[in-house]
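Record features (Swiss-Prot):
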type	residues	note
ACT_SITE	His104	active site, proton donor
ACT_SITE	Glu434	active site, proton acceptor
ACT_SITE	Arg619	active site, proton donor
BINDING	His86, Leu87, Ile88, Arg114, Val136, Lys137, Arg138, Ala139, Asp140	(6R)-10-formyltetrahydrofolate binding site
BINDING	Asp347, Asp368, Ile369	NAD(+) binding site
BINDING	Ala393, Tyr398, 432-433, Arg460, Asn492, 526-535, Tyr613	UDP-alpha-D-glucuronate binding site
REGION	1-304	region 'Formyltransferase ArnAFT'
SITE	Asn102	site 'Transition state stabilizer'
SITE	Asp140	site 'Raises pKa of active site His'
Amino acid sequence: MKTVVFAYHDMGCLGIEALLAAGYEISAIFTHTDNPGEKAFYGSVARLAAERGIPVYAPDNVNHPLWVERIAQLSPEVIFSFYYRHLICDEILQLAPRGAFNLHGSLLPKYRGRAPLNWVLVNGETETGVTLHRMVKRADAGAIVAQLRVAIAPDDIAITLHHKLCHAARQLLEQTLPAIKHGNILEIAQRENEATCFGRRTPDDSFLEWHKSASVLHNMVRAVADPWPGAFSYVGNQKFTVWSSRVHPHASKAQPGSVISVAPLLIACGDGALEIVTGQAGDGITMQGSQLAQTLGLVQGSRLNSQPACAARRRTRVLILGVNGFIGNHLTERLLCEDHYEVYGLDIGSDAISRFLNHPHFHFVEGDISIHSEWIEYHVKKCDVVLPLVAIATPIEYTRNPLRVFELDFEENLRIIRYCVKYRKRIIFPSTSEVYGMCSDKYFDEDHSNLIVGPVNKPRWIYSVSKQLLDRVIWAYGEKEGLQFTLFRPFNWMGPRLDNLNAARIGSSRAITQLILNLVEGSPIKLIDGGKQKRCFTDIRDGIEALYRIIENAGNRCDGEIINIGNPENEASIEELGEMLLASFEKHPLRHYFPPFAGFRVVESSSYYGKGYQDVEHRKPSIRNARRCLDWEPKIDMQETIDETLDFFLRTVDLTDKPL
């Protein structure tokens, strides 16, 4: 049976050997070039392929149409993936009539995603395993073909568990590959309600937080012990690595991170104490704990910290351009709730941020980004993270003032992007769900969905195209110049301070603000083209929490990523939004101050937005990247968001007149 294989690491090598032993004909193998920054303790798939006389390739993007066509020419009957690190597109999966199968290092549906070997140890699991499953478009979500359980012993570390999993995988493949070859397999659908998903781990994720329990820290040490990069901590600014440890039943009132003794080297934790059995100072040699204490100059009562002492003292400086806007003011509030951010902001007004103006860690200048270019360049250079949130983002303006939209949304933001490249600053750029345009996918996916817009004579697309081109420019700067970036795409965020009722009076606002104005003034709610267009509405608190996690960037997991931020469960048509808003309005304690409801009125989009408008029937996000990179899920129901947004705006209305 002809097969094409995607493979890497030891699992890739043993998978290839198992296929050959089972009589499969391997037409080609796709693998990765080794990362020079990664310790290569594992077997080489490329070398094995060469020794076996099998063509081997390591493309940067195997999902490129040229590679899809080459794989199609190989006519594989079945496809296998063994620890290949990139998601394989659906077009490739569909090339094999007998299907595609992936070997995953956990007991699916638990521990989908990256680095399951390390995550099970971090989380103190006592059992894991290997799973062979059918590949579908969603990562690690296909039906299970075979599983083998592996016990995790208390003394297992990453490398010993790795060897156990390799042994189990070899057994599983020996038993299962002949059955796949003869079409004699039983598939069991995964239970989605039991699924868990974990993201990529980097060396920076493995710092020891001494306020946690000794058992939790010991599990971290086990999870990343040699040949992985190791768990680490600091003495002042001196970094050291812990290679092995023991949980010590020592009851101490010492502060977490304090040295209890140096022989053995015992460190107080949030609960219990951790004995450092072996470790390494800086780039030195491995030594036993008491010698490490001597090398680091530790004595009883010394304090360890999770980050360098100098880093712990300096706040992260965040520059927010458009700080008075809907996202900017809510994000400022979230950042200032923490004690490690300094926020610098620029905007043409300050009404939404007036509550922060006296905050010691908030610095505001009133001004226009098209005028204050020197101030902006200076602060890009000064700050650590830049969020250029200035944009015209109201649909009526796309047809009313398309050139102004282009000048502000594209030209001014391009200048800021180039400052970030020049001074090597991290940029978190607000893309938009509008870039997907008229995409027909059920879920809009950051990495695979096509971005489809209308003809040139429909100026409503100038916003979408301006944002899309900036996305592509930022991506290219990341690839070619090393720009550190994250693109985030908000899907219909709603909440207090979304536009204002005065903006709604001239039509320059988002949907819910316009609908609230209609209720306040007693004018008919206008349903553009019947209001059947569906959107997924997201509470501003959910959106800001995701954006905050992008800024935090744990383990640099957000670098180079595009992340949809939306709530696919909160899908509703504009008509349904209007009905929900009306029901909330009728129950509101201030209802009697406002005129009677004037009804719904259907209007054509051309009469409301102008002749250059086109609408989109649906816009539902895939949030797999948000789950993977941010460990984030939206939580707030749409009705709660509507109630709070309505309440906020009703309480801004002058109610000096008598009730109606």
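Quick reminder: no glycine exception, Cβ is built from N, Cα and C everywhere.
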**Q.** Spatial neighbours of His104 (active site, proton donor), counting only the recorded positions His86, Ile88, Asp368, Ser433, Lys526, Arg619 and Cα distances within 10 Å
**A.** none
Q.
Restricting to the chain of Lys532 (UDP-alpha-D-glucuronate binding site) and a gap of 6 or more, list residues whose Cβ falls under 8 Å of its Cβ, or answer none.
A. Ser573, Ile574, Glu575, Glu617
Q: Identify all same-chain residues not among Asp347, Asp368, Ile369 whose C-beta atom falls within 8 angstroms of the centroid of the NAD(+) site's C-beta atoms; report them in sequence order.
A: Leu321, Gly322, Leu346, Ile348, Gly367, Ser370, Ile371, His372, Val390
Q. If you average the pLDDT over the region 'Formyltransferase ArnAFT' (1-304), what number do you get?
A. 94
Q | Integer Cα-Cα distance in angstrom, Ser433 (UDP-alpha-D-glucuronate binding site) to Asp347 (NAD(+) binding site) | A | 24
**Q.** Top Cα neighbour of Ile88 ((6R)-10-formyltetrahydrofolate binding site) in the set of recorded positions Asn102, Asp347, Asp529, Arg535
**A.** Asn102
Q.
Could you check which of the recorded positions His86, Asn102, Arg138, Ala393, Lys526 is the closest Cα neighbour of Ile369 (NAD(+) binding site)?
A. Ala393
Q: Could you list the residues of the same chain, at least six apart in sequence, whose Cβ is under 8 A from the Cβ of Asn102 (site 'Transition state stabilizer')?
A: Phe80, Ser81, Phe82, Leu132, His133, Arg134, Met135, Asp140, Gly142
Q: Just give me the nearest neighbour of His86 ((6R)-10-formyltetrahydrofolate binding site) among the recorded positions Ala393, Lys526, Asp529, Arg619, Cα to Cα.
A: Arg619
